[in-house]
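*Asks:* Pasting the relevant annotations from TrEMBL:
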- 54-114: domain 'LIM zinc-binding' (DOMAIN)
- 115-176: domain 'LIM zinc-binding' (DOMAIN)
Amino acid sequence: MASHRHSGPSRYKVGTMAEKFDCHYCRDPLQGKKYVEKDGHHCCLKCFDKFCANTCVECRKPIGADSKEVHYKNRYWHDTCFRCAKCLHPLANETFMSKDNKILCNKCTTKEDSPKCKGCFKPIVAGDQNVEYKGIVWHKDCFTCSNCKQVIGSGSFFPKGEDFYCMTCHESKFAKHCVKCNKGLVKAPVWWPMKDNPGTTTASTAKNAP
């Protein structure tokens, strides 16, 4: 997804009338007054707002001749209304991204496109340590044992339905025990490598331990 800059200047000019012209709409004299010229017609500021001004996408009010206007793909904003839809950061003088008809700053776009942690539901962004198992991704510290709640992180674990258990809890809750030594008969756990997330790439899928 590419960054954008808003389009060029509006196709009208504002000035003070030195000649004897009347407003194209209300016919009031314009000499000595501020006026707008658009599409070859001269009009007073009041009529410009009423008949000619673009409507701001954000506040739904006319963008007056004295206002600074931002436009992108046939949509118009007051410069103060042109903000990121997520964090409301002003974007009139910055590059931005357009996604699902929303205007976003580059930072929020990265968060929007990032995978969400199964534990805390927050984005996993560049630099976060994260792990993945069967297409589901967690922050390292959000992957915890369903029983003792201790962080499993990048350690070995046992999946059981939608729950995950550390080796100690799995042995105490589920493992069969040897009738002679009473030690748990534990099957091979699951493990995974962990790495820093370079943007939207999740960690490698877990594999069975040898």
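Start at 1 and count along the chain as shown; that gives each residue its number.
The backbone N, Cα and C atoms fix where each Cβ goes, glycine too.
Quick caveat, the model's predicted, so the values are computed rather than measured.
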*Asks:* Would you report the average pLDDT that the model assigns to the domain 'LIM zinc-binding' (54-114)?
*Replies:* 87
*Asks:* Could you break down the residues of the domain 'LIM zinc-binding' (54-114) into DSSP helix, strand and coil, giving a count for each?
*Replies:* 8 helix, 19 strand, 34 coil
